[in-house]
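A short worksheet on the structure shown next.
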């Protein structure tokens, strides 16, 4: 039995028609639409490992495999791509001095917990999430993750301000003034603009250029083994809340775009994303998440075919076997990273704000504004305390304030009233 049926004659699609998830066009056209998805997701897939210090090729490998696993477990009903998640940047940067093994241990723990959440949702239904993690909680944690290490972006920005301004400015201009796919590729375009300027002004170190020349065109990705350290695990674990919120939100967005009821696939999507993160953590890559950029591509093209996503996934896997490509990415100047993350950290925080707005969260309710206010200052100010010999940073304390204190204070308030 074929995985996809051919839509019409496979070549022509009327303006009023849409290509369903279980359909495809001719393979040349499908490859073309897959390339669009690759372009839409590629900027983030590459930028996140560069910002966190984890191997680019390994992250590419597990992003591609994760996409294929996602399509398999959701039975080709949820067209979506998985790639390295921005939510991991801040905690993994904070854990950078602990080494790659400890960073990967955090990613592995996130993946395993996400699988457990997915199994629970599949068994008990989507409303389980809504009761345990209401929007005021999920939105607050997302904001914390976006702003916790904003000072890292500004520090990189200050190293090479010209490149940073060009990068950030290009991202903003293309994102605001561009149309269609151009807007979706704003991060990639901005990074390329800053990168090319860096080459022109000699801002790339000779050692990195020498490494690029010496790198082989083909080779295995750089694998690393994880190590579970409680301090790093607790630092990275709050990312689970972001991944749950993103995955559920993206499944609902895909349902809105395609017109299909996908509530029954939320648990499968969470399990697939969890397995993708688990594989990445076990092998050496950055954790993954579903990508909103690709939902935008579908909204523009009306081609919802999961075959196009399969093409993109296979292409990402193939790119992971090129050390030359990884060495090329390693020539990215710090100013370019700073300019890009200056925008990206803010965008992550605004996702949290959007969660509040969409759910009409009452920020004037005493429990909501008191808990969120304390948590935001703890997170953004990077409150760091040592408990039992274990150092916990701002994301951990801020997340605990929201996740633990919110339901407790809510119950106390209800009892008082």
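Glycine too: its Cβ is placed from the backbone N, Cα and C atoms.
Quantities reported herein were computed from a predicted structural model and do not represent experimental measurements.
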Listed range which TrEMBL flags as transmembrane segment, given the options 2-21, 162-181
162-181
Can you say which of 266-288, 335-357 is given as transmembrane segment in TrEMBL?
335-357
Looking at 75-93, 132-150, I want to know which stretch TrEMBL calls transmembrane segment.
132-150
Any chance the transmembrane segment (132-150) and the transmembrane segment (187-205) are in contact, meaning at least three CB pairs closer than 8 A with a sequence separation of 6+?
no
Cβ pairs under 8 Å between the transmembrane segment (162-181) and the transmembrane segment (100-120), at least three:
no
